[in-house]
Amino acid sequence: MCCRRGGARPAAFAALFVLYLTVVRAGGPFLSFQWDTLLLETGALAALYAPGAYPPTRLLLRFLFFKLMLMAGMVKLQSNCPTWSALTATQYHYATQCLPTALAWWAHQLPPLLHKATVAATLVIEIPAAFLLIAPLAPVRRVGVVLQLLLQVSIALTGNYTFFNLLTALLCVPAWERDSYKINDDDQPQVEGHRTGQRHRSRRLERLLAFGTAAALSMCAIFMFEVSDTSLDSNAQQQQQQQPWWQRSELRLAHTSAQYDAVMARVLPTTMCAVMLWLLVSVTVEVVRAKGATAKLTAAIRGAVAHGLFALSTFQFQTMSRAPAALYHNPLLQSLHRRLSPWNLTSSYGLFRSMTGVGSGGVVARPEVVMSGSMDGQEWTEIDFKFKPGGVGIAPLQVAPYQPRLDWQMWFVALASYGHHPWVLSLVHKLHHGCGNAIALLDESRYPFKGAPPAYIKADLYQYDFTRVNTSWAAATLHSPPQQAIICSDGVGSSDGSGDGGADAGCVPRGQWWYRRHVKQYFPPLEKDNASLLQFLQHNGLPSGGCVPLATDTCGKLRVDVGTVFGGKHERATVAGAAICNAVAAVRNEGIRGWCTVMGVCMVLARLRAMMLRAKGRVSSGAGKAKTE
């Protein structure tokens, strides 16, 4: 991406890869998301792709992008999820995703026909358009890049998926770039008029290729789906005229999942062989262009590493059903994959394999755990998290690229019992003792137990759904009176109310984003230092001694020092931005030595600042005691 001279060194990216891998290993379920593994795989390839490193790795990044999107699309068809088969997934997705945005509420109000068109467009972009990303011609790849960017923007606007959309958009850069296979880097002098005419012919050819690619992609869409006019099934002309526009056409898959698998089983091996040959040509060109025996040997070694990473990456396709298993019967490849799997150099992907929270009659039944606290065990007050759904009047927020990992994990908690997520009761134990580190993970502005920690904490399981605008398709979908209570006839506001959307009411009140109903108790009221609670924590290897100060170990002290230096939220953003800019500049100019210098200076300043503040605190404390005496 950058010029080779003064570029970032591969060692810096390799060090970042090892550091983040360490964090992922230590983070357990809180760092087990697919974008964490995607960042690791991208970081491993970035060590080869870094400026001044190995240009053929550009093809490996394109193949990673292709693998990510193709797997994301194929798992939807292979999961046999009824919502994906019927193209109705987005009728539930906007409300059931982990952390929706306010725009997701509006997208949820679309008519059923547009929901099906959205799902169909997603499958086209993720499956046939994914093959464009590894095409040998730049104009063809750029058509695929534009489509992928449109998909990522739409996902980012309706859901909070941390840095996933930014990282995926970053993978578009290698796919957008042109390839150069010139053996001699010296430019030949050309007449200006000849150069201009050649440029015009090249642009016309690019437009023609882009148009042909769009036409071929349209043919793939016609092959995948079929549209029928439902009004032709009506016997009476009067009934045809009374039928609403969103019911006059029907969009559905044209083939079964097994048929799509059969097509992929024929196409995928050919694609892998073509990419492997292209990588071999690219490596050969780099070896020939290298000057000197040492440079040629280095290029050859890097080429062997690139081929090894490509082989490991293709091994991940075995997770797709009916994948060509003959490609993975190589004992050497299997042994290599088994030995290197702990390093997360390659991974398999498959976002949104199946929809959760699918209710009956078009109603969303998103499971959500709501925790409540009490001082006497009689009057209960809900404990709100920062971003996950809680009060029905609290609007969804846009928080990406930041990821509140506790809020994200609470989405998985609602899908199973607390026995599968023992850390939930550890959180309860911390709240019982008023631990500031645990309370800081919640919505402190709404935390009802600031004066004293709650004596009892319980959790209930609810089913959530977005409220609906009073439209003809909403009224036609929600038939029974309890379902019609979700419809809001007066729009939606931004009030901060909480509580249940009552099914007895004729309409959801204004300002209510969510409708919910109580399902069951998730775990019973637990009092502070309950014997069974402490035994459960000890059995699962979790601390049961109350609050643990941050500064009990080296990492905790470092976090306190850095937090002390950075100060408030706005100061942290400013200092962090400046540190990043300086670090990038140092890496570009001095490589890994500059990076280590910047980090060392920051560590020294943090320690000095913390020592000064501690000394100031001791002086203030001594003066206070003297004044008291």
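Backbone N, Cα and C define each Cβ position, glycine as well.
TrEMBL annotations: computationally assigned, not manually curated.
Fair warning: this is a prediction, and the values are worked out from it, not measured in the lab.
What TrEMBL records for 1-26 is signal peptide.
What TrEMBL lists as domain 'Lipase maturation factor 1/2 N-terminal' is 32-175. Per-residue pLDDT, averaged over the domain 'Lipase maturation factor 1/2 N-terminal' (32-175), rounds to 94.
For 117-137 (among others), the entry in TrEMBL reads transmembrane segment. A Cβ distance under 8 Å defines the sequence-distant neighbours of the transmembrane segment (117-137), meaning residues of its chain 6+ beyond its ends; these are 59, 62-63, 65-66, 69-70, 72-74, 76-77, 84, 87-90, 110, 143-145, 147-148, 150-151, 175, 179, 209, 213, 217, 220-221, 224-225, 251, 267, 271, 275, 278.
Look at TrEMBL and you will find 149-173 (among others) tagged as transmembrane segment.
Long-range contacts of the transmembrane segment (208-225) within its own chain (CB-CB distance under 8 A, at least 6 residues past either end) are made by residues 120, 123-124, 127-129, 132, 137, 139-140, 142-144, 251-255. Residues or ranges marked as transmembrane segment by TrEMBL: 208-225 (among others).
Feature annotation from TrEMBL assigns transmembrane segment to 267-287 (among others).
The transmembrane segment annotation in TrEMBL covers 299-317 (among others). Sequence-distant neighbours of the transmembrane segment (299-317) (same chain, 6+ residues past either end, Cβ-Cβ under 8 Å): 44-45, 48, 53-54, 56-57, 60, 63-64, 67, 71, 268, 272, 275-276, 279-280, 283-284, 286-287, 290, 323, 327-328, 333-334, 336-337, 340, 345-348.
TrEMBL lists 345-472 with the feature domain 'Lipase maturation factor 1/2 C-terminal'.
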Count up the helix, strand and coil residues in the domain 'Lipase maturation factor 1/2 C-terminal' (345-472) according to DSSP, in that order.
30 helix, 29 strand, 69 coil
Take the domain 'Lipase maturation factor 1/2 N-terminal' (32-175) and count its residues per DSSP category (helix H/G/I, strand E/B, coil), listing them in that order.
108 helix, 2 strand, 34 coil
